[in-house]
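Undergrad: TrEMBL lists these features:
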- 383-403: region 'Disordered' (REGION)
- 27-48: transmembrane segment (TRANSMEM)
- 134-151: transmembrane segment (TRANSMEM)
- 158-178: transmembrane segment (TRANSMEM)
- 184-202: transmembrane segment (TRANSMEM)
- 214-236: transmembrane segment (TRANSMEM)
- 256-277: transmembrane segment (TRANSMEM)
- 310-335: transmembrane segment (TRANSMEM)
- 355-377: transmembrane segment (TRANSMEM)
Amino acid sequence: MSDLAPTPTAMAHAHGPAPRASARVRLILALAVLPALLATVAGVVALWPGADDRVDRIPTVDPGSSYLQGEVLRVLPEAGLLEVDLDDGMGLVYVPPEVVAAGIATGDRIRVLSIGDVADAQVPYAYADHVRDVPIGILAVVYAVLVVLVARWRGLAALAGLGVALWVIGVFTLPALLSGQPALAVGVVTASAAMFVVLYLAHGFSARTTTALLGTLLGLGLTAVMAAWATGAAHLTGRTGEDAMLVPLHAPAVDLRGVVLCGIILAGLGVLNDVTITQASAVWELKAIAPRMGPLELFSRGMRIGRDHIASTVYTIAFAYVGAALPVMLLISLYDQPLLHTLTAGEIAEEVVRTLVGSIGLVLAIPITTALAAVVVSAGPGPQDVPAGQDPEQSAEPAPPAP
């Protein structure tokens, strides 16, 4: 028998009881998250870059040049040229040998750079990149449709929350970092703002969601503290890639070490959200199955689920970062140096620290959220029956009596 099997007393009440938080508990939860909400709003206002602080955009082409799109008509690998049907007619396009070797064929749509009025340019166009709008658009549509089909309205709300979170990063986080605002504050405020929107939009206003939010905020605070210490102790400078080195040239106020710190905080956010809402829901469901279960037993049984969650999510984080840093790992693996030097050098060190900090935040957030959920759900007025499959936290309508 499973160690999570309900007790005989619990089985007598297994018709789908819905633990609902009392008005007093809801008020306490609201008062608990209100300071965080006010601090988040104040942080956004204080850190919002003014018009004078914003950095000018970098032109991507020289004056007289422009980007065009076209379809490849013929590949001439020996000459390093493509015949392309461009927006303004057919033209010859220079293509690097490595692009030809990687694979380019008739019918591919590409972006080309028009060199303009360059007197010594024998070929007026140069290959810039492939056009990927269609395949990426198809993947995005398939993903959105599947989310909505499987999760229905909650999935649609989650997609909307994701859109809002990305909007916050685009209009607040990036400009704030470019203008030289403190990266730790920017990261924490961004993560907090995203969580308020994403959690309530995807899961609704309920004691369960607020409990998960509290667990997320506490885990976020611990993650931020560890990230701040780790970036300093490990001397992570952020100057480990060509793109990173270009940023201060165009935005001198940017602190690359702070960018690493902010990135660690945001990277851990998604994992924290995942485990906290899952743990809160698990405790609520345990209480629904066994309404006589006390907070200590709820915590104990919830942590059995949480330990499985920790075991699975830890290597999920690790492999996600390995996949992102795989090209760098391949290059460094070719160097004749000990494994320890490889893991603690440059970009790999940043990924290792990011993985460890995110994993520590995850491990700490699970017992915190489980304990909060056990206390909150046990403080309710008592179980109420609701129809099977209906969200007990957001409905007070009783289920019809069993025949």
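The backbone N, Cα and C atoms fix where each Cβ goes, and this holds for glycine too.
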Undergrad: Mind checking which residues reach the transmembrane segment (256-277)? Cβ under 8 Å, same chain, six or more beyond either end.
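TA: Same-chain contacts beyond the flanks: 169, 173, 177, 182-184, 186-188, 190-191, 194-195, 198-199, 203, 209, 212-213, 215-216, 219-220, 223-224, 227-228, 230-231, 236-239, 244, 247-248, 306, 309-310, 313, 317, 350, 353-354, 357-358, 361-362, 365-366, 369.
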Undergrad: Ranking 27-48, 134-151, 158-178, 184-202, 355-377 by the number of C-beta pairs under 8 Å to the transmembrane segment (310-335), which range is first?
TA: 355-377
Undergrad: Hey, which of 134-151, 158-178, 184-202, 355-377 has the most Cβ-Cβ pairs under 8 Å against the transmembrane segment (214-236)?
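TA: Counting Cβ pairs under 8 Å, the winner is 355-377.
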Undergrad: How about the transmembrane segment (184-202) with the transmembrane segment (355-377) - do they touch, taking at least 3 C-beta pairs under 8 Å (6 or more apart in sequence) as contact?
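TA: No, the transmembrane segment (184-202) and the transmembrane segment (355-377) are not in contact.
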Undergrad: Given pairs 6 or more apart, does the transmembrane segment (134-151) have at least three Cβ pairs under 8 Å with the transmembrane segment (158-178)?
TA: yes
Undergrad: How about the transmembrane segment (158-178) and the transmembrane segment (27-48): at least 3 CB pairs under 8 Å, pairs 6 or more apart in sequence, or not?
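TA: Yes, the transmembrane segment (158-178) contacts the transmembrane segment (27-48).
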